[in-house]
Amino acid sequence: MHERSLPASPNWYCSRCSDVSDRGVLAFGARSVIHLAEVGDRSPGLFISLLLWSELVGHKETVSGFSFCHHAGQSHMCVSGSGDGSVIFWDSDSRLSTRELSPHQSPVSAVHWSPVDRNLVVSADEKGVVVCHWYHTGDSVSFFPEPRTVFCLSCSPHTWNHVAVGYKDGMIVLIDVSRKGEVLHRLRGHDDEIHSLAWAPTASEESLYVRPEELTATNGVTDREEKGCFLASGSKDQTVRIWSTAKGKGVMTLKLPYLKRRGSGVDPAVKERLWLSVHWPKGRPTQLVSSCFSGEMVMWDLTRSGKQKWSLFGSSSEGQNHSRIVFNMSSVCLQDDSELLISTSMDREVKCWDLASLECCWTLPTLGGFVYALTFSPVGAGCLALGVGDSMIRVWNTLSIQNQYDTRSFWQGIKSKVTALAWHPKKEGSLSFGTDDGKVGIYDVFSNKPPQISSSYHRKTVYTLAWGPPVPPMSFGAVESKPSYSLYSCAGEGVILQHDPCKLSGEASDIDKLIRDTNSIKHKLSPHTDLSWKPNGKVVAIGNEDGSIDVYQAPSLKLLCSIQQHHKIINTLRWHHDHSSQPELHYLLASGSSNAKVYVHNLRSIIESPADSPVVLTEPYRRLCGHTTKITGMAWSPHHDGRLVTVCYDGTAQVWDVQQEAAVCNYRGHVGPLLCVDWSPVDPDVVWTGGRDFTVQEWRLSKQEFTKPPKGKKMLELVEKMKVNPKKKKNKKAGGATPAEILTPSVNGERGRGGETAAAREELSEDEEADGSSTSSSVKSTVLLTELHLLSMKKRKPRSMLPLSTSMDHRSKEELLQDCITLATVTNSQGECASPVTVCVGEHIHLGLFSDRQALYRMFEAEEEGHVEAGHYDSVTYLRLWSGDLEGALRVATERGELSDHLLSIAPMAGYAVWCRTVEAYVKQLCLQEQYLKAASHLLSINKVYEAVQLLHSHKMYREAIALVKARLPADEPVLKELYSSWAVVLEKDGHLSSAAKCYLAAGASFDAAKVIAKKNDVSSLRTAASLARICGEAGLAQSLSLRCAKDLAVAQDWVGAQEVLGSQDSLLVHRLHVCVTELLTAMLAEAKLVNWSSVSGHPWASPGGRHSSIQDRIREVWQEEFGVSESSAAPGSIPALLQELKAVESPQPSTHLPLKQVLRLDVLDVPRFTFRGLAVSRIFSCAILHAFFFFTGLMFLRSVCSRKYPKILRHTEEQAKAAANSLQAFVHYYLLYERWWELSSPSKAGAPSNSAGNQESAQESHNGLATLAADTQPGDEVKDKVVNGGSSEPEVGVCPATQTCVNEKINFDASVLLSEDHAACQAIRRSVAEIQERLAAMVAQHSSGQQLDPDMKQADHVSVPSHHRPDEQESLMSLSTKMSEYHKKLAELPDTVKVEPLYTPFHCQ
């Protein structure tokens, strides 16, 4: 079909969108088309040749994945995936699809043909679904290994059922497709997107250097049992990782190097654009290729040691590497054993590399936008300039021998789509350009300088540029000062500007002023759309928007003639060249417009013999018909006489013999509309065309099989087919996009203007000639695109307000003519019999539109009846409004619930009462539509503020209601307090406590505000609530909240915070003293290393120190110095007052299950009480806290108590304190007895028998004796002689000095402390109660199960009772209940101190 071509750019951000077959065929996805190119063999002295030869067309959206089948005999097969969720199998030889599947509901993100199984293809989509396709059977299986977005996948080249899948979040998953997608390993290590995966070419893990520990077996699997290979992954986190698939973990990490280019630094934003592609070449198990930050490519030597393990591609010369990030890489081995690597990049270039030398073999430039302009230089032979929609200009040396694709790109100063180009007719290398944003500039293509930009901008797109002789005012002045050529630009706003190429910074002139002045034109000129100078520079033709063509004589621009042939916008004008052998052909002007016809006019007589007044031409010299849509470009052949080539929106290029009005050939190689064309300046058989398919194609006239363009009838049939079966377009963009832009997909950052849909391309897969012969499958005509464009732009016709009148105007021709006669008769009649009233009834009702007002009203009534029957009540409303019945219109709209802002705005015209009723009705309508704010606003318009507030309140819009009340009503309005209270309740229920507190404060309920804030029960909330209550005068609540906050702070060891909270109120002095004592005791315990609590904050006076002989003295000193409390303090800080206040503090009963910190806080209450009485210690040494101390901190505290630092004798004055002291003394004495006993029974003591049996016997006697002493003996010397003075021995190694002192001293105490009849009676009663409870439970269980107890159980069921009961007595439920009552009475008679303060037994001290 064509010779050479610049294809569309490969799609970006796809993990595998290009591949090379084993036969050397390169394929890559560009937009929705797959381009195929054949990489030839190496020729002597030449670079490797590249021949583009075909495309695969079938996808409806962007191609996102592509892969060849790399199996012998099947290498021509390939598969591709698309954003529409389809997967298509192709035969690249026939360029046809063999199977099309739609297994995915989401866009396909990756696809790969298994290198092991010739029938297995794996695809994945963005939702994480993985599908296995079996080509030979057509079956498919879906898996969902991970709920993540798939970025890439790769089938193992060694094991057919292993597939590696890379995800967006950095996870890599190895799955087994033969086990329903079972996950073999999850490889974690990357922190960002997985861009590519590559398997090692060898099926082993022995080729790389790894740590010795990596070679050992893991998880119980030996090295011989492990089967796997290495997997390489590239991620956006700038690392390449090598993974062991046998062990499921990484073995090597490669961090990308920063490579500075010459004369430039590293772009700091380059990390955001990183795409890390990896490729593992075949036969190179130790070498890995990866991309880098700015388009560089490096070869990693995985066995090399040291920091630099990489070699840079193309390092021998500057400019070989890509200039932007690389997306895909693939390799191929040619017949001469040379191995090539193909890479695609964001710089829109496809490069081929020799892996042996790492040098670039060739570069294929690609295009990233529509080709808007295409022109050959008239001076430099074969120099082709391309204006592309990717904001770049390409200059292609088409005559280069060594490099067939020798192109240079120019982008500086453009920054918009290049829509027009024009070479200077004499100056070589001077190229002017126009852009989509109205910019005009000139490039010198032989220098690296930025372009010159004109200071005069167009408001719209520049469509045409032309070089011509200067016209006034630029032609005035000396010859040496004026330019030989001026640059003319025509843009979308219809203005032609003349630019001085030598002074582009100067202001350009509008030639319309010269045209009007020269030709004395007073009216407004039609907007210009194109211009063309005759090659000799004497005449210029200007095309206009109305389809006319004006021909002016330079330099005055006198109008010679006006061609009124076209009736639509002129798109292109071209003069025939001047070197023809036939002089009459020099005056031929060809024009093309949107009416799909080409007209050629011969202006020889007009130019050679101009008339005094302009001539109007209405007949063409030649008429060229065949195209079906608008003509976009044309070019005369410089090698032939009268041969013209035209391009059209039908996607074809047509060559004409103008003199014969005959079609020569038709080219159909493009997919989409064509925009530009030019004839080769050196080869008469070659034409170049560019279009909206992002391609430029070179083709020969002699190789085309078609003569004429495709018939329009076929296109109309396809349009009708599309109307019947419309295809949905996904991802439609609304907003400012035009319908043409919506129909064109965005690829590589380029969105086309008026592009085509993939659905239309699919429908245009085949077209036929007039003789019925079928076209080639690759011909993709696009006439349908224009039809779809027109359909999309055609708005839906609105419903007529006067359908009856309209329908009667569509009757037969005879009836319509009779209506004219009737109306004329009535209008011109003077008699009453022919009055309009008589006419405008019945079948002539529609004539009321042409008669008087009364007839019109009757027509309106008839129209209203029709609208009511059809249900079009809005039309009835407007008809009544037009007739002046505003109240009736509003009534109809109110009844139907179709009031609108427009109707409401005109309601005041009907009166205040009508307006108020309408507003109230509209408010009800808005409430039904849940537009409460709008409804309230309308109520305000009629001054119903309370109703508006109630409306907002009823729908829980408290914030708006409160704002409205405060803005419009008095400050003391009761409804405001009600709103605050209601809102506070809702906020409190929803958990917004702070906002609820603000509402309570605004409502004057400060007590509720403090309570709400305190509901969170954290320190900050309690402190805030206490402060709020104190500020608002709620003293009692403030005190309660402060105490709660201080308690939490004390438990958290934040002593400073607790004192600050309590110090905010003078009435809490006694609680400050309580916290002070707690802090001192905690510091004492920490000093003795009995606890390891860490304090958040503390006071200096609580720091450890040994200068005090007792805790009481220390407390007194701190109270006096820090709090000013002493014996001489006056009220209310006097000792009696504080003591009385402290007694009122509730003290919960201690329990052995309380945490030690809480026990300390509760029991320390007695310390201030007894400090006020001058006591040393008090309830802090109660049984509960000591019990907790011994179990949590060991015996260290007891030893410290027995030391000389604290008194050994406890004096007590109150009953409760007496009980606590007795309990403590009993515990201490039992501890001393046990310590003494273990001292005597230790076998390692001096003087102890060495016989172990003797030691055991001695220990047994000591134990028995101690038990007897504890159980039976009375107080006296006997106890002291047998137990206390039973002998001494040397202390054990490691015993603390305090303990050793206690042991060695002679122990003197009153033995009566160890025994207590009240405690014994209490314990006996409690045991009896427990036994009765167990017996009752057993009886209930027996009664429930209905089973008899065995004899042993019956014997065990006897209740242990005092001795006066018979042991063999059979107890009943009644007797047990009686005994239980008796025991409870006895227990109640015992003192509370006996029940609260236990007397420790030897069992407790063990």
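Positions of Cβ are set from backbone N, Cα and C atoms, glycine also.
Fair warning: this is a prediction, and the values are worked out from it, not measured in the lab.
According to TrEMBL, the feature compositional bias 'Basic residues' maps to 724-733. The annotation compositional bias 'Basic and acidic residues' is assigned in TrEMBL to 750-763. Here TrEMBL flags 99-203 as domain 'Gem-associated protein 5 first beta-propeller'. TrEMBL lists 382-691 with the feature domain 'Gem-associated protein 5 second beta-propeller'. Look at TrEMBL and you will find 847-1055 tagged as domain 'Gem-associated protein 5 TPR'. Residues or ranges marked as domain 'Gem-associated protein 5 RBS' by TrEMBL: 1209-1398. The region 'Disordered' annotation in TrEMBL covers 723-778, 1270-1291. Residues or ranges marked as repeat 'WD' by TrEMBL: 56-100, 230-253, 624-666, 667-709. If you look up TrEMBL, you'll see 1176-1198 marked as transmembrane segment.
Across all of the repeat 'WD' (667-709), the predicted model scores a mean pLDDT of 93. Helix first, then strand, then coil: DSSP counts for the repeat 'WD' (667-709) stand at 3 helix, 20 strand, 20 coil. Sorting each residue of the repeat 'WD' (230-253) by its DSSP state yields 0 helix, 17 strand, 7 coil. The DSSP breakdown of the repeat 'WD' (56-100) into helical (H, G, I), extended (E, B) and coil residues amounts to 0 helix, 24 strand, 21 coil. Within the repeat 'WD' (624-666), the DSSP-based counts of helix, strand and coil residues read 0 helix, 23 strand, 20 coil.
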